[in-house]
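Participant: Below you'll find the structure I mean.
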């Protein structure tokens with residue numbers, strides 16, 4: 001996170017921040033003062049006698065005032081184009097902004113102080129007025145501790161209960177880095193001229209960095225925004241533009257853009273963008289939809305109208321605004337990638353823009369998913385918002401689930417999106433995980449709130465909704481959520497409100513499911529269960545699935561049974577008994593959020609079926625069986641050789657999901673044993689994939705993912721045919737830059753071409769990266785540069801991240817992550833982060849990212865225990881040892897160390913046997 005006086009170092013390199021001329025400054029101040037005071041009757045600064053005020057809040061605002069609306073003026077002084085004044089070549093640019101705001105509110109209890117949030121702002125000149133009587137209440141800004149981010153306005157007399165008041169404040173601040181309001185850059189595609197724009201990102205707790213406000217999600221209000229900006233730029237906001245007025249005095253040309261009031265919404269959804277972009281329209285019969293970017297916005301524009309219409313029809317509620325803008329920017333928090341601001345959605349360029357002939361089909365899928373997710377938020381999060389951040393899943397879990405419903409409707413051949421729903425399984429297997437709904441007292445600080453934005457919230461939330469749909473039936477579920485949305489429109493809700501509405505729909509349909517009772521264990525407990533079925537006698541048991549069963553769950557709740565009568569596999573005991581060597585399959589279509597274990601006989605029967613006629617088992621379950629058996633082996637609930645035996649059926653498998661999950665699990669073995677004697681014979685697995693990449697022209701869509709995965713695993717494992725193909729195609733490109741590698745294969749060919757080459761290949765890739773203006777191409781090359789096996793080149797790449805002229809700050813975290821994935825890059829990346837921690841911590845990423853990045857490559861610490869000790873020491877030295885992600889990382893590494901120690905010999909024997917077969 002940015003410090004109080006921090007400014008973007010990217011911008012600092014290309015800008016020399018100077019004070020604008022005295023004449024211009026005076027003129028601007030005069031104009032702005034007129035605007036500020038036009039509808040006010042300021043009084044002289046009051047002298048307030050000492051009075052008793054309530055103690056300042058610790059983490060949450062008191063509920064003594066209820067907001068109605070804000071009237072906000074923001075004056076932005078930045079230039080969209082670098083100005084050059086006579087007799088100087090210095091760039092005159094500023095990230096400073098000023099403004100004033102008026103909060104209209106109702107007092108619901110007597111209080112001699114008003115508390116708001118404010119961060120990194122200088123706030124002054126408070127005016128409190130009784131709106132009912134017109135009386136001015138003496139006030140002053142008295143208290144603002146940076147660590148608490150609370151602002152106190154002390155009053156000369158207490159506010160009356162049920163009184164209507166207004167609080168006007170003036171403020172000034174500086175743009176931050178990737179949060180609040182910040183400066184971004186882009187190049188014009190025709191001239192490659194540098195341009196600047198301003199964009200905002202307020203979620204979860206950064207509206208307070210732009211203006212003083214009641215910055216908590218249940219304190220909703222209407223926002224009337226006015227933006228003062230330079231003449232050559234235009235402004236987008238949440239609502240439609242009401243009007244524009246030009247002012248020109250003392251050589252200063254400004255525009256005052258006024259917006260219509262927004263719908264009633266939370267502060268974190270407020271947004272604005274100031275740029276010179278040209279919009280690309282999208283078709284919709286009622287809503288004016290535009291995609292605003294530096295170019296290549298047509299695909300996104302075409303998809304937006306289709307998806308918005310799908311949600312309107314499915315949910316039975318029209319999108320409530322008359323316009324919807326989407327803007328693509330070069331800089332946005334890379335961990336977020338997009339933000340659902342009501343009426344003005346922001347995206348990173350690489351997840352919204354598609355260039356024909358350069359972007360791949362996989363890029364299309366990503367863009368479609370991203371748009372669907374953000375549009376789903378217009379109902380789940382914007383129209384109805386969770387009451388507090390501990391129930392963030394009501395926003396993000398719903399948006400994730402609805403994403404796949406929308407994509408399946410508008411682009412049915414993108415069926416692979418189902419895979420992403422399984423991400424929660426791999427994150428929810430440690431004792432240090434958290435429940436889907438932690439107690440509110442566990443989510444209070446800014447860091448605790450930000451920790452909620454993880455796979456548990458997003459994908460576990462989506463998975464339990466998918467499971468609930470399977471229990472109550474989709475038409476009943478949809479009826480319940482329509483009722484829920486209607487009832488809580490423009491308000492805040494809790495999980496029990498959702499369950500109540502689905503329960504009502506169940507009752508009206510004649511069902512008997514007790515929704516809240518069924519779902520409580522899945523939302524309030526950490527993790528998920530493993531269901532064990534003994535097909536010899538029909539017995540079923542359940543327990544918490546943990547990779548390390550010696551760990552005690554850190555949940556403070558008593559353990560509740562996950563499976564109740566409503567979820568008991570919908571089978572009678574006798575139906576779970578295997579007859580005549582038939583197999584039993586539970587969790588059909590993988591709708592349940594749990595793993596299934598069987599007795600050895602049933603596992604063998606399932607394996608036999610997969611090796612002979614795999615199509616008799618649904619695709620989703622073929623993927624589930626692979627994922628379950630490998631993870632059960634990691635938890636030491638089945639023999640590891642059983643899991644490896646399940647890879648044999650892949651020789652007859654053509655579907656994407658089983659392959660993807662098999663490769664994901666096999667890569668765990670590759671990573672754990674890459675520095676051991678097991679690694680050599682492990683390469684035999686790659687030979688089974690050779691048929692999938694022999695033909696370099698891309699196959700039909702359903703098989704494209706298989707081909708990309710096959711190239712990835714084959715070349716990563718050093719399979720000669722694969723490496724030769726990648727080297728040849730990359731060499732052809734080096735010799736003739738007009739040589740076209742198909743966009744669908746570029747990411748793999750670039751990476752493995754660089755990996756198989758030397759310094760010359762790396763230098764070529766770097767030159768192409770520097771010179772490319774294509775978003776997708778730069779993304780492919782950015783990752784490919786980290787694939788080299790040459791340590792000097794990797795060190796050089798890491799050093800480049802310290803120079804914002806070479807690597808934008810927003811890319812530093814992802815580049816280090818890419819290097820860490822490369823076995824050759826793990827030690828250099830670890831040394832680099834420790835040596836440059838002050839830079840990367842302040843400017844590039846958070847403690848959370850550091851833990852996640854190196855823990856995702858925890859095999860470095862498993863194989864070289866010395867590095868694990870260094871990691872623990874590093875967390876302690878930098879006060880990170882108590883963070884959730886650091887604790888998860890340490891636990892995961894410890895589990896892996898123990899597992900590798902116990903299974904090395906068994907795995908070595910199995911791979912040797914397979915290699916000899």
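Heads up, the Cβ atoms here are built off N, Cα and C, so glycines get one too.
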Participant: Can you dig out which of the ranges 12-33, 34-55 TrEMBL describes as transmembrane segment?
Facilitator: 12-33
Participant: Which value does the mean pLDDT take for the domain 'ERAP1-like C-terminal' (583-879) in this predicted structure?
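Facilitator: Residues in the domain 'ERAP1-like C-terminal' (583-879) carry a mean pLDDT of 83 in this prediction.
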Participant: Can you tell me which recorded positions out of 373, 374, 377 are within 10 A of residue 458 (site 'Transition state stabilizer') by Cα, answering none if there aren't any?
Facilitator: none
Participant: Using the Cβ centroid of 373, 377, 396 as the reference point for the Zn(2+) site, which residues of the same chain not in that list have Cβ within 8 Å?
Facilitator: 340, 374, 376, 380, 381, 395, 398, 399, 400, 402, 403, 458
Participant: What are the sequence-distant neighbours of residue 373 (Zn(2+) binding site), meaning same chain, six or more residues apart, C-beta distance under 8 angstroms?
Facilitator: 338, 340, 399, 400, 402, 403
Participant: For residue 374 (active site, proton acceptor) and residue 396 (Zn(2+) binding site), what Cα-Cα distance in Å is obtained after rounding to a whole number?
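Facilitator: Computed Cα spacing between residue 374 (active site, proton acceptor) and residue 396 (Zn(2+) binding site) is 10 Å.
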Participant: For residue 396 (Zn(2+) binding site), which residues in the same chain are close in space, meaning a Cβ under 8 Å from its Cβ, but six or more apart along the sequence?
Facilitator: 381, 453, 457, 458, 461
